[in-house]
Every structure is written in structure tokens, then in C-alpha cells.
């Protein structure tokens, strides 16, 4: 990474990397559970707990990222804090990650606490769904405020951010359907390990994984734009200093 990169991009970079690693983990373990019914439950539960912890860390990194660019990088301390939609999105992202972590911790007593686990997962995915909607709203507000310098950054199909936000919402909706279906199977047939539910989760994992890649692509484009702007600013400062130097030199010669 470029040494001059701003802290905001640094935090979001690692948040995106953890997002990708986490979704590869979920896709792998869900696929194993679907393919091998006799897979060790204890090991599976430990992996789910580890992945849930990853997403707690991921939520914290995104929150720090918001604090850096919305609070610390303000031009003046008297300037009002912007990106409020993203702030509430961070709150719901943290809530969702903690609810999923609690649900993962309860898996060791799955037979007795299955409905409680589903409840925590349901609250968690609703939190993630609200977070993704707020993030999309915040991005739209920011887009309307900022001047358009690059046609590809417009609010149209070429903008990667639109696809990333859209897939994030779709992934949350797919997981919500999986949880509702799991509850229905348990209520009607007392089935706790439905292959249909796991298959829906795998599809959701694929959507999330594509989404994670798109967010990393968004980060890379932001970094390129930042590097270009930084280089342009450096050139402007150089020519400004050169102009002042030439002006001072001519003034001294005239004396």
C-alpha cells in the first residue's frame, strides 16, 4: 500500500480483507456441513464462533473508519459531523455481529436452545439489513452533495458501489429467508439441520463473497482517486512555490 495513504482508507482496507476472509470461511464450513452430514459438530461450532468473532472485529474496524473520515478528518472542529446515516449503520452492524456471536456461542447447547439461537440470528440479520439500507442511504446522500469528478462515479450501473450496496442487501434478505425457513422446519417437524436451509445459506454466502470483493474493488478505486488527488495537490504546491520563488527573485533583481 502507498505510504501516504490516509488512515480512513487503511481501516476500511483491513475491514474489507476481514470481510472476504470471513465469507470464505462461512462458505467453506456451510458447504462442508451440506456435503458431509456426519461432520464433527463441535469443530463446526468452534469455527462458527471464530468467524463470528471476525465479524465483530470487522464491525469495529468499520466504526473506526467512520470516526476517522467523519470526525477526525473534518476541516474544522466547529464543522458539524457528516455521514450520520453511516454512524447509525455502524451501530446496527455492531449489534448484528454481537447477536450472531451470542447465537454461535449457544450452539454447544443447540438441542435445548435452538429457538433461542434462531431468535438471536433473526435479530442479528435484521440489524445487518437495517445497516445495509442505512449505508445505501448515506452513500446516496454523499453522492448528491459531492461534485462529480469522474463519470464512473455517477449514480448509474457503472458505479461499483451501487452493486456492492445492492448485493449486501440481497445477501441479508437471503439469510433472513434461511432463518425464517429454519424456524418453520423446527416448528412443524422439529428439524434442526435442514439441507434446504444450509443450501440457501450457501447461496447467501456466495452473494456476500462477491459483495466483499466489490467493496474491495471500491476501496482500490478510492485509493487510486486519493493518490491522483494527492499527486495533483503536490504538483500545485510545487508550481505555487516556484511562482513565489521566481517572483521574489525578480523583485530582488529590480532592487
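Every residue, even glycine, has its Cβ placed from backbone N, Cα and C.
Because TrEMBL annotations are produced automatically, they should be read as predictions rather than curated entries.
Here is what TrEMBL records for this protein:
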- 9-29: transmembrane segment (TRANSMEM)
- 45-67: transmembrane segment (TRANSMEM)
- 87-108: transmembrane segment (TRANSMEM)
- 114-139: transmembrane segment (TRANSMEM)
- 160-186: transmembrane segment (TRANSMEM)
- 198-216: transmembrane segment (TRANSMEM)
Inset, instruction - Might you confirm whether the transmembrane segment (87-108) is in contact with the transmembrane segment (198-216), defined here as three or more C-beta pairs under 8 A between residues 6 or more apart in sequence? - result: no
Legend entry - Chain residues in Cβ proximity to the transmembrane segment (87-108) (below 8 Å; excluding those fewer than six residues from its ends, i.e. six or more beyond): 42, 45, 48-49, 51-53, 55-56, 58-60, 62-63, 66, 70, 81, 116-118, 120-121, 123-128, 130-132, 134-135, 138
